[in-house]
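The structure under discussion appears below in the form of structure tokens.
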Amino acid sequence: GCDGSILIENGPNAEKHAFGHQGVGGFEVVEKAKARSEDACPGVVSCADIVALAARDAIALSNGPSYQVPTGRRDGEVSNVTLADDMPDVSDSIQQLKTKFLHKGLSEKDLVLLS
């Protein structure tokens, strides 16, 4: 989720172990950035902000558009594999994707933009 909950390691039931998250990686990079930010300014920068800023930088470094990222996200405190059950999956039909996005308060336009 947008709260960085995928980064919480709490055993085999952690969200990062969900079937739909098999291709997600780079956790060690975020953990390294978090450790450095904690050394410089403890309790100020969230993992969720680090992920959002890293995504922006990755897009810019691959010649994509540059854009501003508002900060101030708070990290989640709960990570459970079941929380990822209704995340979009590559095998979902368009109707399933529309439904999943709608349940998250997102529109069909959001579906297109985020895909």
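Our numbering is plain: 1 for the first residue shown, then up by one each step along the chain.
Positions of Cβ are set from backbone N, Cα and C atoms, glycine also.
Per TrEMBL, Ca(2+) binding site is recorded for GLY1, ASP3, SER5, GLU15. Under 8 Å, Cβ to Cβ, and six or more positions away along its own chain, ASP3 (Ca(2+) binding site) finds ALA48, ARG73, ARG74, ASP75, GLY76.
What TrEMBL records for 1-115 is domain 'Plant heme peroxidase family profile'.
Annotation source TrEMBL lists substrate binding site at PRO88.
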Alpha-carbon spacing, SER5 (Ca(2+) binding site) to PRO88 (substrate binding site), which is rounded to whole Å:
17
Among all chains shown, work out which of the binding-site residues SER5, PRO88 has the most CB atoms within 10 A of its CB.
SER5
At the Cα level, what's the spacing in Å between PRO88 (substrate binding site) and GLU15 (Ca(2+) binding site), rounded?
14
